[in-house]
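According to TrEMBL:
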type: BINDING; residues: Asn100, Arg101, His200, Thr201, Tyr202, Asp265; note: beta-D-galactose binding site
type: ACT_SITE; residues: His200; note: active site, proton donor
type: ACT_SITE; residues: Glu330; note: active site, proton acceptor
Amino acid sequence: MVIAVSCDQKPKQEPIKQEIKLMMKVEKVAQIGEEEVFKYSLDNGNMQVEMTNYGGLISKIVVPDKDGNMENIALALDSIPDYFTRKLLFFGATAGRVANRISNARFELDGVTYELAKTNGENHLHGGVEGFNKKVWKGEPYSNDSILGVKMTYLSVDGEEGYPGNLTSTLWMELTRDNVIRIKFESSTDQKTIVNLTNHTYFNLGGIKRDVLDHEIQFWADAYTPVDGELIPTGEVKDVTGTPFDFRTPKILGDQIAANGGGFDHNMVTKKEKSPEFKQIARVKHAATGRTLEMMSDAPGVQFYTGNFLKDFAGAEGKTYQQYWGFCLESQVWPDGINKPNFPSPILEPGEKYTHHIEYKFGVEK
């Protein structure tokens, strides 16, 4: 099935009528039990995005460089069914019910202790053994004259992966005319619970030929949350001044990794508390190709991960992904917030609505 939306654009000083079409192709690629898995291919005439209702994931982002060369800039696998069985590092996926780490794989609500699966050492990571990245969401494609999108919904039942409450989540993923990938999450619950959803795309603006150490990165973050040896936040909120985490002015990633003694897997503090303010939190540039990525979010933090654990991973198109071949910008409530009283809280009450908005805008500087 192909959905096409066309719009005539007539520049003020251009007598030739130009027609720009937004195109979406919807293809069934698999059946898992009674659930149908689709691949959605979105094309705005300048860039293409592929996504699927399996894991609510983005499987490809194809954008031009300064010379017009089109390349995929998202670490991926060759086909959607490959994601079903391969051991993944959450490529492109929606992470949940709670993204990032929960210390000791447990938390307490109103005097009740909830035990979770230990999927990262002694800790819980990205929702458990079968988190939202392993679920088939119900997908509904839509479009108008300015966007192409897919609405996805998933019901996480009470007790799934140890979490309380029936949690209904809706995910909207859109491609706009002006080269923005827009992601919106909403969740509601019938019982007090915790939720923290994010997107886990690995980016490489160089076109996935080598590592991302030559990327220039800037964060609008004055602080970060230090971690222990198991990458659990210590509870401290530390000023970035005088540290390798100071990206308030653009820095070359390789230089900062060298100064840090290794890669990053840390929460950058973009707000000290939750609020609806939607703001720029990051900008990335790759000088060799001219590609740029700007990120906006309303979350209080963003997990900056530099692919530290990638090694000899058989990726798409016969490529082997290695350490630092991609970086993730996972906006979020701060990790282990349920166990850190001084952190923004991931608690969701019945009658409340969890919301989280993200935008990734792609461009070129010549």
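From the backbone N, Cα and C atoms, a Cβ is placed for every residue, glycine too.
Whatever TrEMBL says is automated annotation, not expert-curated.
Candidate binding-site residues: Asn100, Thr201. Fewest other C-beta atoms within 10 angstroms, Thr201. In sequence order, Ala74, Leu75, Leu89, Phe91, Gly92, Gly307, Trp325, Gly326, Phe327, Cys328 make up the list of same-chain residues 6 or more apart from Tyr202 (beta-D-galactose binding site) whose Cβ falls under 8 Å from its Cβ.
In this structure the residues listed as binding beta-D-galactose are Asn100, Arg101, His200, Thr201, Tyr202, Asp265; their two most distant Cα atoms lie 18 Å apart. Listed in sequence order, the residues of the same chain lying 6 or more apart from Arg101 (beta-D-galactose binding site) and placing their CB within less than 8 Å of its CB are Asn120, Asn123, His124, Leu125, Glu230, Leu231, Ile232, Pro335, Asp336. Glu330 (active site, proton acceptor) has His200 as its nearest neighbour among the binding-site residues Asn100, His200, Thr201, Asp265, going by CA to CA distance. Using a 10 Å radius centred on the Cβ of His200 (beta-D-galactose binding site) and all shown protein chains, the other Cβ atoms total 24.
Highest local Cβ density among the recorded positions Asp265, Glu330 belongs to Glu330, counted as other Cβ atoms within 10 Å over all protein chains shown.
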